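**Q** Taken from TrEMBL, the feature transmembrane segment applies to 33-54, 66-84, 120-141, 153-173, 193-211, 223-241, 253-274, 281-302, 308-327, 339-363, 383-407. Among the features that TrEMBL reports, domain 'Ammonium transporter AmtB-like' is placed at 35-437. The feature region 'Disordered' is assigned by TrEMBL to 446-482. According to TrEMBL, the feature compositional bias 'Basic and acidic residues' maps to 457-482.
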Amino acid sequence: MSATTSATPTPSGVNGGDSRTVDLNQFYNGGDISWILASTALVFIMIPGVGFFYSGLARRKSAISMLFLSMMSVAVVAFQWFFWGYSLTFSHNGGPYIGSLANFGLRQTLGRPSSVASGLPDILFCVFQGMFAAITPALAIGAAADRGRMLPCLVFVFLWSTIVYDPIAFWTWNPKGWLSTLGSYDFAGGSPVHIASGMTALAYSIVVGKRHDHGTVQYRPHNVPHVVLGTVLLWFGWFGFNGGSAGSANIRAVMACVVTHIAASVGGIIWCLWDYIRTRHWSAVGFCCGAVAGLVAITPGSGFVPPWAAVVIGGVGASACYGATYLKRIIRVDDALDIFAEHGIGGMVGNILTALFSADYIQSLDGSTGNKGGWLSHHYIQLGYQLADTVSCAAYSFVVSCALLYIMNYIPGLSLRVSRDDEVLGLDTVEIGETSYKFSEEHPALSHGIEVNTHQDSTESTKERTRQEEKDMSSREPSDVV
């Protein structure tokens, strides 16, 4: 996150001044405000992109639940961010580990310059960063695919955002945070977003346990067009995710967009090549997963590295994530959607490569001076800073997530997992009460929303059909990804 500005605001007071007597707009650049507003919308688009991506990768009977959880994450985190999340993360005071409640309920959050990007008013920076806070648990909660109950997932999103995401984001981006003070580089969320979500997904997969038929049924993405649509939305939104993190409309923001696009493109190509070497097929799902891996890997360094380095980061990031998809077989964890491989490993690789390829002249594209860069600028200690960032954020998010999930699982009403019979029926039917396909066949009492027959298939017959579908699926090719 860039802390530089294209304007020099001089508002006064906790709200930046009295808007009834002072025009607060005079302190800010209209172009910067427009760019960050547009970037906010772009990051929002990424959240349904995650939903479609996960929905397509998941099994048919969990398609709606993946979309539902991604959008509910927006709603739950929006309230949490308003309630105290923004204050805990970006308040103007606090210690090295967490902010204060000075901005509780968005109190004193109006025209005062942001503590991170002083060329932006607090309220604008709040809504922009709120989208980052919303997409992070949406990435992680895909680990509940096929067997996680909805209510505990939503409770977990609120609590996790408070005790995991907010502290890590504070460490990384708030000027008072210990990682920020140390000197680690994270332009747009390698640690708070990707490492945190990947490690949390690993924790969720371990605590909730394997799907009951794991190891006996070969899983495949049930809807490849959904995967492609999700990738398009993610790729499109990532321009605002990384470019908006410059904090203003400047050349550094442009460079962040350029390297983002290059890394995604190279990542998709490399993953496709690995797939072709292994299967002799050009996989659309493989291209999509590779593009996302490239996007994840470039995120922390997007405002630090030159375009040629994006080629390396996209290729290495995709290759590392591709290899990591086999890691779950070694550690025997049912990470259904490979979130740990894509986001956890991708974020770690991106963090390390940021140290190697950061250049001081790229940092200075926003008009700032005194930048040190990384190894390209002979600033070799940066690797140590990036390692400290990576290890601390990975360990914290994994350990705290495991503890939170174990505690929740013993609280009445918050057990994480559905019953075996409900798992056979599917989360869409049991938890959501809606299905994506064959609606009239599964529920013959309804036709276009009109009740035409009071007789419905029994639960047992529905279970039998679902079991038969699983047997049919087991005879197909194994998935390349899931």
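Even glycines carry a Cβ here, placed using N, Cα and C.
Note that TrEMBL annotation is computational and uncurated.
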**Q** I'd like to know if the transmembrane segment (33-54) touches the transmembrane segment (120-141) in this structure, counting it as a touch only when three or more C-beta pairs sit under 8 Å and are separated by 6 or more positions.
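**A** They do touch: at least three Cβ pairs between the two stretches lie under 8 Å.
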**Q** Average the per-residue pLDDT over the domain 'Ammonium transporter AmtB-like' (35-437) and send me the rounded value.
**A** 95
**Q** Can you name the far-off residues of the same chain, 6+ from the ends of the transmembrane segment (253-274), with a Cβ under 8 Å from a Cβ of it?
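**A** Beyond its ends, the transmembrane segment (253-274) has Cβ neighbours at 35, 187-188, 235, 238-239, 241-246, 282-283, 286-295, 297-298, 301-303, 305-307, 309-311, 313-315, 317-319, 321-322, 362, 365-366.
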**Q** Can at least 3 Cβ pairs under 8 A be found between the transmembrane segment (193-211) and the transmembrane segment (383-407), with each pair 6 or more apart in sequence?
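**A** Yes, the stretches contact each other.
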**Q** Could you tell me what the rest of the chain brings near the transmembrane segment (308-327), counting residues at least six beyond its ends with Cβ under 8 Å?
**A** 258-260, 262-268, 270-271, 274, 289-290, 293-294, 296-298, 301, 338, 340-342, 344-346, 349-350, 353, 357, 359, 376, 481
**Q** Which residues of the same chain, at least 6 past either end of the transmembrane segment (66-84), have a Cβ under 8 Å from a Cβ in it?
**A** 44, 47-48, 50-52, 54-55, 58, 101, 104-106, 126, 130, 133-135, 137-138, 141-142, 144-145, 150, 153-154, 157-158, 161-162, 432
**Q** Name the range, of those listed as 33-54, 153-173, 223-241, that has the largest tally of Cβ pairs under 8 Å with the transmembrane segment (383-407).
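**A** If we count Cβ pairs closer than 8 Å to the transmembrane segment (383-407), 153-173 scores highest.
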**Q** Sort out for me which stretch, of 33-54, 153-173, 281-302, has the most Cβ pairs below 8 angstroms to the transmembrane segment (223-241).
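**A** Looking only at 33-54, 153-173, 281-302, the most contacts with the transmembrane segment (223-241) come from 33-54.
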**Q** Could you pull out which residues elsewhere in the chain have a CB under 8 Å from any CB of the transmembrane segment (281-302), counting only those six or more residues past its ends?
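**A** For the transmembrane segment (281-302), the list is 53, 57, 185-191, 193-194, 221, 224, 227-228, 230-231, 234-235, 238, 241-243, 245, 256, 259-260, 262-272, 274-275, 309-310, 313-318, 320-322, 338, 342-343, 346-347, 349-351, 353-354, 357-358, 480-481.
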